């Protein structure tokens, strides 16, 4: 829903479509062109929403739902198969706000993950229902949904829910769209599954990872949405970083001297390494606790960049097992103290602030799309997979 | 297994048996005496193991397995029931070491969580199998267990696994002990479940939370073990903080100037609040990243103490919904730089170093047992639930 709060920020956004051992030699031009076209399209439609005043949460869910319908990406339709030949999808959402007056401050649950999904068409939309349903019209009337009366909205204060119950019972009650197994089946992912079982090496770089989107809206709200089919040939019941608060996603705001800061990040790559380093929460903790206070860009590089926390977590197995490989995208925003804001001159008060879009990765490639500020007020759309342009 | 490394540390340990709205008026003397006796017994037997040279991992698993068999605690036998009248247990383990030569450095996976368990007698022992089985005799020979050849030990690099597969297939293959549903049934938890469904208030303070144990062994290894039945009348499939890396448990070591530091913590309380604040990882991140570097005790208080991060996460719902309530236990250890260690005088090199046992909580009580240093070398056993002695 569009927000009627006064605009304080120029909206910002970044999408990712997976990271991993993607190299020029395994990414033919036609496959590159398909990913590029999809990401550019989803970037544009999400940006249009934000420019029209949509909340960060609406925009991030919109972007990820589009990628869940696109068989190019490892999420929703196009998800990879487990070792047992099944699909088990995961998705997550987290919100925060640099502006205390922003509606996302009213979402008491802050972050959720859903896991083990088989037939929900848009796992990210199920995550949204779980995020917004807290156990009552007013959660204070109902024990916070912690046990007794769960109130009127069918929710609870639970942050993480695994199927079958959340899918077979709750998603049906809440009216989510279901699709049969065949709809999720793609020949490419099935062959990848079979090649994996036979121990063959992949010669074409499909997107292995998670998709994600981080948005900053005009009112200063931040949202991160992440969705995945997981790891090809994972054991059934493996819970990755995507639905795990702090591992594959995080969003947080805090006070500093004369300013409030907010960050939101989404990760993709080797999920078990993200879990072992609590990668998303660790990057945000560096921003918040270290002195001098690093930018989110510096913190993301210290975790997901070359030689960072993720790479070091693989120890001497780095480069031989896939461990530690990945990338993180995010947005950082800051706002002056309300007192400073009130007393500043009129021009300062009407000038739109800007968030900072950040990303880094330590592996072959990270599919990403974002809007860059040219410096003279012009916004430039960017879609990239390597550090340098694809040639 | 006992370690044959030269002893560097005096072993240390702390256990918890749950936190929550425990008050003198709802904790009758006979119930107090039962908890006290159990915790003291498990403290003694775990301490004896550590004094005999057991690894921190062996000792922590031993302590938690004892509590899983004791119907007083909400884990294993004595677990609470979900809203559907089922039991869904969770457990986790994480290891680290302040001493690079310590065997726990060889456990490549570092941390694991298992969830949704119904009939495994000791969830903590299943967690241990998952922790130690990494996908090969030598994980480097097998793609780190990430997909193709899973090697010879039946494991994978997965950090988090949810039932049924991990229980019905893996736990059986690995020879874990199973018990029928009746074994886990306790009349007290069943009545609590029924009272919860009817919306009645509890008048006797059973332990609501998780159990946990943190140990430091003679060689400088740290391990944290945590186990729970979860939240009374939780929705089926709710994943709490206990099996979630960074939320209900964390262990980590890092280099500082001329010293290495290591910390391990276990949490108990309102699990969804622990998830929303990544409580365990946040406390350890404060210790690691803030300047001046706070002690683990200070960081644990900043998260789980009165007015800390957990309490603040409940906002104006604090005190009315149970949100934010909880406690954290932990141990911190530090070791001089290997160069300083080598060049120090002989007495320094043979003197046993001491870890620091820490805890804090923001709610009525935290059941805890630990060994305190009297100051003159004597070790004093302590078992407490409130800030002051029970009277």
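Glycine too: its Cβ is placed from the backbone N, Cα and C atoms.
TrEMBL entries are annotated by machine, without manual review.
Record note: among A:75-102, A:103-130, A:131-158, A:131-158 is the stretch given as region 'Disordered' by TrEMBL. The substrate site in the record is lined by A:238, A:239, A:240, A:241, A:268, A:269, A:270, A:271, and its two most distant CA atoms lie 16 Å apart. A separation of roughly 13 Å, to the nearest angstrom, links the Cα atoms of residue A:239 (substrate binding site) and residue A:210 (active site, nucleophile). Every protein chain considered, the tally of other Cβ atoms within 10 Å of the Cβ of residue A:268 (substrate binding site) stands at 34.
With an 8 Å limit on C-beta distances, the recorded positions from A:210, A:238, A:239, A:269 that reach chain B are A:238, A:239. Spacing of residue A:269 (substrate binding site) relative to residue A:210 (active site, nucleophile) is 7 Å (Cα to Cα, whole number). In this structure the C-alpha atoms belonging to residue A:210 (active site, nucleophile) and residue A:271 (substrate binding site) are separated by 9 Å.
Sorted by the number of other CB atoms within 10 A, the recorded positions A:210, A:270 start with A:270, the lowest. Each of the binding-site residues A:240, A:269, A:271 was scored by other CB atoms within 10 A of its CB, and the lowest score goes to A:240. Its Cβ placed at the centre, residue A:238 (substrate binding site) has 26 other Cβ atoms within 10 Å.
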